[in-house]
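K.L.:
To start, I am sharing the structure in question, which I have written as structure tokens.
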């Protein structure tokens, strides 16, 4: 039976923020959410988050998730003291297979595969996740015996000069038999330079009890990087985005510049996708085969089908784009926009909660809201569907092959029949019959002999 304890009680003073440190984001998600996500992939019996500073805000952000519980550390007296607060909630089954994995809410990118390796390295004993660093300043050192076995971990402030020369460091992440961990946590002391209860002291206790201590290393160095400042947060953000870019490149996506590419959710791409510079992908985004995304676009929870083009500076949110459709430049698709195949939505066109069927076009300067637009419809520049009466929204229906002249207002609820034409400048307040020209502008007249006024002296 696997328990996961995530330490998330820290103040995060160096972040210079009122927001609890573990709620600061990485790739659009709270750091703690990344850790919980990795832990869930191990299918633990229980996840216990130890909270302290900003406990109510942290709990509010995650409360209600199945299998997730909270323990309060108040005040904070070190990592060992933090895990002690979770002890009453640890589950135990048949004994030997009961294990507790300790993770950190501010070390957000440790991957499930690395954690699986750590659990395997444990055998029937304890395992720690270690890293070899060129500069190990500030880290706890891994001390090994003459046989190369881990015998203890010494914190930097308590280390001798010889120990400080060690390059293998403790990441803080460990796995231990649950029953023994409970015993060791009851035996650790705060007799150290910091006056705190160190979780790392359980390693020395394990060795003293004859329990083997194994070690595993992460698949990549960025997996064990922690965040204690805005600088470190920014550095880790770039490291993670670089990794996400690498994965897309290896999957066959062309990125104009991998250093100017941001994913803040999940991005799934087909074959031969091209993504230009400065694009941001949020939520769940799917790009079909041959899709091209121009520079500086933002796509949030969007599905784009094969062969479509999203031109520069377009913003799409909760929208669908059909095959070979063209969006932009400078277009905005709001929630509920659904574009059919080969449809065109051009510059400064906004579409919300509307369907635009195959081969229809709104190429310039239009607002289409709460509308059902058929196939092969042309929407002229300056067209507005007037969908809101101040209280309720109303729908506009434009049937197949209709032609909407420029500078037209359609006051919903209203219907334009199949093949109908609306003359430029029309304000439509009643249904327009199929196949007919409907026009409502005033008749043009010329006033002969009219003179412009002149400025009085």
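Including glycine, each Cβ sits where the backbone N, Cα and C put it.
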K.L.:
Could you look at 415, 441 and say which one Swiss-Prot places alongside 381, 387, 388, 406, 424 in the acetyl-CoA site?
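P.N.:
When Swiss-Prot describes the acetyl-CoA site, the candidate it includes is 441.
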K.L.:
Roughly how many Å lie between the Cα atoms of residue 105 (UDP-N-acetyl-alpha-D-glucosamine binding site) and residue 424 (acetyl-CoA binding site), rounded to a whole value?
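P.N.:
With distance taken Cα to Cα, residue 424 (acetyl-CoA binding site) is 60 Å from residue 105 (UDP-N-acetyl-alpha-D-glucosamine binding site).
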K.L.:
Quickly jot the same-chain residues contacting the region 'Linker' (231-251) by Cβ under 8 Å, restricted to those at least six beyond its ends, or write none.
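P.N.:
Counting only partners 6 or more residues beyond its ends, the region 'Linker' (231-251) has Cβ contacts under 8 Å with 15, 24, 26-27, 108-109, 220, 222, 225, 258-259, 261-263, 267, 269, 275.
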K.L.:
Check each residue in the chain of residue 228 (Mg(2+) binding site) that is at least six apart in sequence and keep those whose C-beta is under 8 Å from its C-beta; list them in sequence order.
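P.N.:
Those within reach of residue 228 (Mg(2+) binding site), by Cβ under 8 Å and sequence separation of 6 or more, are 12, 14, 15, 21, 106.
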K.L.:
Look at the binding-site residues 10, 78, 105 and tell me which residue has the greatest number of other C-beta atoms within 10 angstroms of its C-beta.
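P.N.:
Highest number of other Cβ atoms within 10 Å: 105.
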K.L.:
When the region 'Linker' (231-251) is classified with DSSP, how many of its residues are helical, how many are strand and how many are coil?
P.N.:
20 helix, 0 strand, 1 coil
